[in-house]
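The structure under discussion appears below in the form of structure tokens.
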Ligand code: NDP
């Protein structure tokens, strides 16, 4: 029996923390997990899950319109935000229950309060109690970053957007990344007039230029407005609750909702990390080695608070690797190569591996194959929206080093194709695979 109250104390019950807690417990550790808000963290409570449900909800706007071309007699339909909002929030409650149950089944003690670090082996709870643990794992995630603009308090972030009383008629979204493009699509499909305001002239900068240009073209074609190189100067709230967004060197924009989607900052403040000597970088990220260990031997960190790759499946892998390493007698690290990702915009885009620009810089000679097509369903629906698939191949080895797609179901298709890219398969391997016809995915094995 160790001298500590617990073998492991996890701070933060999000994706990374929950996985680390339950696997460590399965390896025989005595584990407690503290959560100041709700079990499930950003992904389940106010991120990936409710967002994806809103994306499904938004898609019906197009599906109902398209259905007429497929012979369905669809009457004019109304959208009721409150029904969708409440159903989504109820599903979030359900999932929170499941996460809580899973922790309970694994004999992890859940402590529903804020915890801070009081020493290398000591955690202080909000109630005033101090507990000890052989190891402490920080998995507190990240928090929306709101730029310093006069009147910024009148805007909301992704934390609040799922709880709106009404669906706004005019929405301004600050930022041009994942959340901005996903919510631009969602609100537009719900009938709002959407303007995306970005400080630079590029959106989704980590994605391939041709793919993001296609999203921009399609989004503009649908009626979403974009203001690039635009700096917000001031946000004014009117007595009737509407807002006026003042832009430097540009026309002001009137709106009912301002959503800040300007990045997420590691949530490392006021956790007692500096006091105990844990190193934090200039962006607030906890510095860790390949085994998720900080410079303080007994303190580890996983997930967004380490700002490596801000994606749920990565945090889960880090949490699992931590548990196997520290309690499972199986030291292992996470492989960060070829992580697939997607933006659930309308239409969605997805990618794995190097963009064309990255491949040209790194490899010199590359071959690029593209398929620019209108999905069969879009043709019959008279929907003038073209998909674009792009394959980047190392010209010397024939190895596929990147796949980039925009079009219906792109994330679903890319997840499977990412296995081939990760496995290092060649363009010839793709060509040798017989097409599955008729499908959109067959374009991947027919690229010329
Ligand atoms: P992103 O990093 O994707 O985009 C941030 C945007 O805000 C960029 O356009 C950036 O401009 C702009 N920006 C940054 N700082 C400022 C500032 N001070 N003032 C004005 N604009 C600014 O962040 P998101 O908030 O959209 O999402 C956060 C993270 O969450 C993502 O990086 C992603 O890892 C994760 N996420 C993943 C999703 C998915 O997997 N589908 C969905 C949602 C979030 P510039 O490019 O010019 O710097």
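The backbone N, Cα and C atoms fix where each Cβ goes, glycine too.
What TrEMBL says about a protein is an automatic prediction, not a curated fact.
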Item to check | Candidates 97, 104, 263, the one TrEMBL lists with 175, 176, 177, 178, 179, 180, 181, 182 as binding NAD(+) | outcome: 263
Checklist entry - If you check the recorded positions 43, 177, 179 one by one, which have a CB less than 6 Å away from any atom of ligand 1? => result 177, 179
Checklist outcome for this item: Among the binding-site residues 175, 177, the one whose Cβ has the most other Cβ atoms within 10 Å is 175
Checklist outcome for this item: Densest Cβ environment (other Cβ within 10 Å) across the recorded positions 52, 437 belongs to 52
Next on the checklist: Based on the record's binding annotation for NAD(+) (175, 176, 177, 178, 179, 180, 181, 182, 263), what whole-number value in Å is the widest Cα to Cα distance?
Outcome noted: 13
Item to check | Residue from 175, 181, 263, 304 whose C-alpha is spatially nearest that of residue 43 (disulfide bond), among the binding-site residues | outcome: 304
Item to check | Confidence summary (mean pLDDT) of the domain 'FAD/NAD(P)-binding' (6-319) | outcome: 98
